[in-house]
């Protein structure tokens, strides 16, 4: 009991100040005297403190720490070998034909193999149609049809829920749970209190115990709905606990089938670690094909998946040329995971028109990784100060004052950020470069305290660590320029509702920093990086074990995810939902990489599987 009190107390105080920050945007410094230093003067200076377990490099006589990272897993030959036949006119024409057929089905809502839709099933049928096209990854074609279907369902929504149809005599768990989830995700004002109607007189969720397929699907949709919880919704927490236990028990009884595969997938990835394109691939494989309409849905999903696969090849080739042009293959001390980052971008931005978003996201994410390896591991303090000053100067002429290994990195950042600012200007109708430069200045400044912690062996408090990590983690860099290219104009005042220091951005940064630390802290410590949320939390709570610290941090993450759900879906936001969803999905995809272990230090089985199933391998037609 004493241990529990020690664990919970700092969480309360932490929540009061979690979203405050000591950082303010500063004007860009035009006078950086450090940049006139001669490279020769740096050679004899000490590097960052070296852990006894860290690998050491002696290039140019400078003692350096290096990470134990493997080289690029995906060579150029593999990328060049990706099939491109799905761009043939016949596939594009077939996709257009299927889209029109499915629109007709949406709009008619009447005929299915000669039978008119019954008023006893029309609500569930509409929800099922919307849910199907979304999970199959083809919903972008049917936005008007989706709205009409959901408007219809919402017009019959009641405090006690809905039945399968508008004339159903009783409410139905499956229809109500699916309705709650789908309507909430589309901004309709539906309360989770509707689930109270499916409890017994003891206040517990109940089931028949027979576990028919219909009942199992109802509980599966209850589980899916429970993950879209807002802060303080106790009934959603209860629904998640009940449905998780029920589904795990059901898996032990039912035969291996499409239903069991779907349950296993959703229990594993849930919602917050479930990349949309990966779910689409899974759903194509388990989707029923008993009717002509169902067959057309699956065929369209597969054709679209493979057409996009052809586009991915061209974009990956472009990214690889960029990666080689700036000399990144020669930086042996850093992680070569540009292909993984492109995969992440293409898992969350699946519209072919969003090429700028995908490539910008991949490049910005890769910059964050390279700079993390430089500032946390490879660079000396004096080199880091020079690079920080160079970013603030924002002038390619300063590259001559940088160490050789930093020159290509600096020019890559300079050129790419400027290039993406021009892309954003096409959408925004204004120059956003100065705003982005300020974001970079703040980000690069936040690395210096962490470098000094490593150099001196200082271990900050938990709050001190989090305040700095909100910026140094780089979330803002990976989100800001990509969303500016999405096609939605974002005036300055609206952009500030989603960009740092807005709560939306803070939540994503803290969630990923905390989750990442629970997977990386041991490897980081071995490289001499003592500061992590785990070690800082243990410092603030003397006597607590690593296991208990991780448990408390995971509880924090679960609570923060509910707050992030609210920030995504709250009705009074002025930020377009497409931009909020893109930022939210960036959190989901990075969270996916941290689900079981550090997916970024070395490509894990899970990350390799993601690359193969969403980029490298087309779907069999």
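Positions of Cβ are set from backbone N, Cα and C atoms, glycine also.
In Swiss-Prot this protein carries:
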- 372, 376: Mg(2+) 1 binding site (BINDING)
- 372, 376: Mg(2+) 2 binding site (BINDING)
- 524: Mg(2+) 3 binding site (BINDING)
- 372-376: motif 'DDXXD motif' (MOTIF)
- 1-49: transit peptide (TRANSIT)
Request  = Tally every other Cβ atom lying within 10 Å of the Cβ atom of residue 524 (Mg(2+) 3 binding site).
outcome  = 24
Note = The DSSP breakdown of the motif 'DDXXD motif' (372-376) into helix, strand and coil residues is 5 helix, 0 strand, 0 coil
Inquiry  = On the 0 to 100 pLDDT scale, where does the motif 'DDXXD motif' (372-376) sit on average?
reply    = 91
Query = Where does the residue listed as 'Mg(2+) 3 binding site' sit in DSSP terms: helix, strand, or coil?
reply = helix
